[in-house]
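Trainee: When I checked TrEMBL for this same protein, it listed these features:
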- 1-17: compositional bias 'Polar residues' (COMPBIAS)
- 1-81: region 'Disordered' (REGION)
- 66-77: compositional bias 'Low complexity' (COMPBIAS)
- 296, 345, 411, 591: Fe cation binding site (BINDING)
């Protein structure tokens, strides 16, 4: 299969200025340098719930001369705010952290959370990037993308981790590629300015604990004590948020949100002309949303509603809710039949139901105290089950649970309802099943997910399962207009090691389920080329489900170049019809979203 960077454009020496040749560790070193700065403090507000948007950076003047563009090494970077001298309490807590990280729990003892391993190659963080023009090096941008922007979320730590670090612990950074009407593309990369990000930016060092990497055994207990000391001495205020907004995005009711399930959504704004990204602030929807929200809400394109949930370590362990078409959050529906805290990352909706997976990843805080383990891990003795709740339920009285042994759903593809000739009603769910669930939160090299179709007979309670492919596939997407309704096609990432590296994309056709292999199209990104989750953008006005394009960022580890590719979703080889060379490396990340021109122009202001 052809590599993505074999275009003659790349072999032209005059275009070398566009390439980012810096070592991937330079950004980490820069973070360490910033940590050592001790300049006079500048006054800043203590609360950031209504953080104002930064000054917009105008896009540079369009030019067709690639050699005249500014290189990544010389392009102006955002000014790092001055850092206040460390207070005595912060210096004391930092010293305690250093003792824990050096003598009690050095990262080298757990290689999968050692920053030297986790932040290597294209997992290493990058600096923010103001709106910067990008050359289109293959084909042309399809009309359905013009005027819109593709935004990908992912972890990008602003400070060098001193101790254990899991990829889920990185600050959220948005990489947005805006497509203008004159055929140009503009890339902008900005941090989501969460309370965590702003607190640590002002302190000049990491303050909030790394939940996934650091809370482990006796050392985890010690870090809990240090975190409590930071709260008591005013170094951080968890009431203002502890999340990173690093997982995904959603656009509904005229507003764009960056999401991470451990916190409330953060409203962000993308300028439809310049492509500049601004953080508006943490949103509680007039006080009706508490604690957190899933990073995978479901938007019904027919009704205009958005469905969501939250989970947590205290009862109720699962709470379901929805937003009306105007974006108003409606009442919570607590699910008390979930009797222990479980990791419920995603769910599905149909026209009449919401479907939850109660899986084998559970929260056991006492394991950290008495078992010298992480408080989040797998319970091999637990039988996974699926909960089916009427989607307009006001309480959980009508929820039904169905045991599905061995079915651990982290992400869902889609769900819908069917009725047989004899009147029996079925609920159909398609989802990746994580076979190596015990490695989900530690060694990401060992993850493997198979795609399965689950059919639940709602009359008899019988559950049937069929595999759709034996390949290691995850990060599923479908045509957004088919969410909650029967569809035929899905697009998934071919997972590489470690997650979330992606070696290619496959297309599944559910109508081939009886063959045992529903793969009907695929593309490998090429030797040492890795991408991320594909996203499907339908052609304007088309009624065909697969008439559209798949988009993704791709990185070539051989040349250290990143590109953006557009693939024809109807092609048997998912042919690349357009490719954009990016001026900076885009690290591997999580989930993305395409925001159309109409949606960008319809963004509603916040009062």
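For all residues, glycine too, the Cβ spot is worked out from N, Cα and C.
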Trainee: Mind giving me a neighbour count for residue 411 (Fe cation binding site)? Other Cβ atoms within 10 Å of its Cβ, every protein chain shown.
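Mentor: A count of 21.
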Trainee: Other than 296, 345, 411, 591, which residues of the same chain sit close to Fe cation? List them in sequence order, counting a residue when its Cβ is within 8 Å of the Cβ centroid of the site.
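Mentor: The answer, listed by sequence position, is 247, 248, 294, 295, 346, 410, 412.
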Trainee: Among all protein chains shown, how many Cβ atoms are found within 10 Å of the Cβ of residue 591 (Fe cation binding site), not counting that one?
Mentor: 23
Trainee: Only counting partners 6 or more residues apart, tell me which same-chain residues put their Cβ under 8 Å from the Cβ of residue 345 (Fe cation binding site).
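Mentor: Counting only residues 6 or more apart in sequence, the Cβ neighbours of residue 345 (Fe cation binding site) under 8 Å are 261, 294, 295, 296, 410, 411.
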